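These features come from TrEMBL:
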DOMAIN    198-360  domain 'Hflx-type G'
BINDING   204-211, 229-233, 251-254, 317-320  GTP binding site
BINDING   211, 231  Mg(2+) binding site
Ligand SMILES: Nc1nc2c(ncn2[C@@H]2O[C@H](COP(=O)(O)OP(=O)(O)OP(=O)(O)O)[C@@H](O)[C@H]2O)c(=O)[nH]1
Ligand SMILES: [Mg+2]
């Protein structure tokens, strides 16, 4: 059931180092985030300043303008396009007599309603509590007075706890639970590594089309929607390539500019999967005017994750609605596709296979006919390029690619041509 949309005023402040285009885009992005959180922007208010006002974020005159707008339009909430300090938030709430939240809280709120796995939920709740703690005044009156709505929702649509002592206890509890979950996941990952499965991770800016491609490539049905942060938990499925070789493909949470620092930390372990990948596919929305900025945001976050040494290829998606001015500018090999064209998805599978072989080890072997088991293993666990029975020698001549740490590697060396 669709709940009633909340009415929102958004407020932005443009500092000298931000040019007009970036500023207006970041406000548009804030509006999309509001939409994703089931809100409706009734008006946006902006100001140019040399520095942020320490007490009220925007200047005195603008605050007065905002007070009048709030009286006129009676929004449910006012959202600032930045992270507010605890005192700014308190001051603004007093002046405006309405719920005031910032970009960080908005993103946390969306994350809270999207998290599905136990780990995701725990991480979001932790980030939320850590955000709230320094912002509680006295006995937590201000936040608890607020009632429900954007910025006050916890994971699973419960209301956030606002009692200081309870929050501290809960934070410790969550940390302990997370440690257990992360350890479990680490063990699971190791097992997968031992089984020598090639792993591919889809990464990219939010709304680039990762889940859509994930679904088309694997014929699965991950949640795909024209909302930001549709996917929050990494999802892994089998992907069968044209040669018949099976890999694991992981869909991940989308990246975003100015991701709140609390969240970068909280989501690092969700993105740990990316670090384990043998190949990263960077999905970019070629229809988004800000695609270059998006690419850079993703590169930066990959650096923070220390994942830049992993082979990477770029997939420009949404070719059906590509920007007329689009020019591919990747650091890597790339392909331009639309997730909606079956032929493109098929070509993408071929492209992926080609990129994979570049990250793998090539073998060229002659296997005696009696070693049938080995041959079957090659077919199942490696990418076989050629296979030919040489009648004269009675040997199978095979070539192909396998993972550098694959257990078969040693055995193959003995049959090397
Ligand atoms: N026109 C067009 N739309 C696409 C294409 N691929 C995906 N979309 C749409 O783009 C929107 C976002 O797609 P998702 O797959 O949810 O994007 P995502 O990258 O997984 O987003 P997050 O999970 O939020 O990070 C959806 O409305 C898709 O239908 C495409 O090739 N062409
Ligand atoms: Mg997604």
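Yeah, the Cβs are placed from backbone N, Cα and C, and that goes for glycine too.
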Listed binding-site residues with Cβ under 6 Å from ligand 2, out of 204, 207, 210, 211, 253, 318: 210, 211
Collapsed DSSP category at residue 210 (GTP binding site): helix
Cβ neighbour count within 10 Å of residue 207 (GTP binding site): 24
Length of the line joining the Cα atoms of residue 318 (GTP binding site) and residue 211 (Mg(2+) binding site), in Å: 13
Assigned conformation of residue 204 (GTP binding site) - DSSP reduced to three states: strand
Which of 210, 318, the listed binding-site residues, has fewest other Cβ atoms within 10 Å: 318
Spatial separation of residue 211 (Mg(2+) binding site) from residue 204 (GTP binding site) - C-alpha basis, Å: 10
Pairwise Cα distance for residue 211 (Mg(2+) binding site)/residue 253 (GTP binding site) [Å, integer]: 9
